[in-house]
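Feature annotations, courtesy of TrEMBL:
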type: BINDING; residues: L20, N27, K156; note: xanthine binding site
type: TRANSMEM; residues: 61-79; note: transmembrane segment
type: BINDING; residues: A128, N129, G130, Q131, A132; note: 5-phospho-alpha-D-ribose 1-diphosphate binding site
Amino acid sequence: MHSLKTRIQQDGIVLSDEVLKVDSFLNHQVDPELMKEMGEEFCRRFQDKKITKVLTLESSGIAPALFTALNLGVPLIFARKRKSLTLNEDILTAEVYSFTKQETSTISVSKKFLNQDDHVLIIDDFLANGQAGLGLIEVVTKAKASISGIGIVIEKAFQNGGELLRDTGYQVESLARISSLENSTVSFLEEEVTV
Ligand code: G4P
């Protein structure tokens, strides 16, 4: 997605060889126009799939996922990162380990919002080590719902999450795939194909 790559080049801050800061348009301040475009692009990439729900993980996945859900005309569910005290018996959970933060969190979704008739598109903002994506897949599987695909805003292709998620066999679409952050420079994996 050309506009996203341009925005990353313009406003992204390379914090280290591993971490890209994009808090001016995605992770803190959010650009609605860019989110709208992302929603349209995810919708286009998964247009052949039957989708009844969009699922993301709070908090930064919510903005792009909401615009995707709006375009598809389906509800958005965001998995919570902490167990709800009031919903202990009726939740689907998965353990997600963050290599970046070196901590495990339990993500949860209420059973009443996902069931075996659902076809779920998973959306997330970053794909690094793939643990959030795998956790969301586990939640959908526990609900006996099916997975229509996985949409990622920014994939750090030099980490192993992309391979892990693609090995599941589901369609994985990333709007920007970063091959390297070395020398404080953002490099993308493939050139934009213009049609
Ligand atoms: P993984 O899910 O792919 O295994 O990723 P990892 O545990 O490494 O990442 C944990 C958190 O750090 C996630 O956000 C993820 O989006 C974010 N993250 C990973 N790499 C980068 C990066 O290069 N830049 C930025 N800005 N974020 C990165 P989170 O804790 O769920 O945060 P939030 O959604 O509440 O904002």
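Note: Cβ is positioned from N, Cα and C throughout, glycine not excepted.
Structure coloured by features recorded in TrEMBL.
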residue : record                                              : Cβ contacts under 8 Å, 6 or more apart
L20     : xanthine binding site                               : I8, G12, I13, V14, I154, K156, I178, L181, V186
N27     : xanthine binding site                               : K21, S60, D125
A128    : 5-phospho-alpha-D-ribose 1-diphosphate binding site : F99, T100, K156, Q159, G161
N129    : 5-phospho-alpha-D-ribose 1-diphosphate binding site : S98, F99, T100, Q159, N160, G161, L164
G130    : 5-phospho-alpha-D-ribose 1-diphosphate binding site : N160, G161, G162, E163, L164, L165
Q131    : 5-phospho-alpha-D-ribose 1-diphosphate binding site : V96, Y97, S98, F99, G161
A132    : 5-phospho-alpha-D-ribose 1-diphosphate binding site : L57, V96, S98, I107, D124
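Residues L20, N27, K156, recorded as contacting xanthine, have a largest CA-CA distance of 15 Å. Using the Cβ center of L20, N27, K156 for xanthine, the list of other same-chain residues with Cβ within 8 Å runs, in sequence order, G12, V19, K21, V22, D125, F126, A128, I154, I178. For the transmembrane segment (61-79), the residues of the chain that approach it from at least six positions outside its boundaries are 26, 30, 35-36, 38-40, 42-43, 51-55, 107-109, 113-114, 121, 123-125, 135-136, 139, 151, 153, judged by C-beta separation under 8 angstroms.
DSSP assigns Q131 (5-phospho-alpha-D-ribose 1-diphosphate binding site) to a helix. Its Cβ taken as reference, K156 (xanthine binding site) is surrounded by 24 other Cβ atoms within 10 Å in the chains shown. According to DSSP, N27 (xanthine binding site) is assigned to coil rather than to any helix or strand. The Cβ centroid of A128, N129, G130, Q131, A132 marks the 5-phospho-alpha-D-ribose 1-diphosphate site; residues of that chain outside this set whose Cβ lies within 8 Å of it are V96, S98, F99, L127, G133, L134, Q159, G161, L164, given in sequence order.
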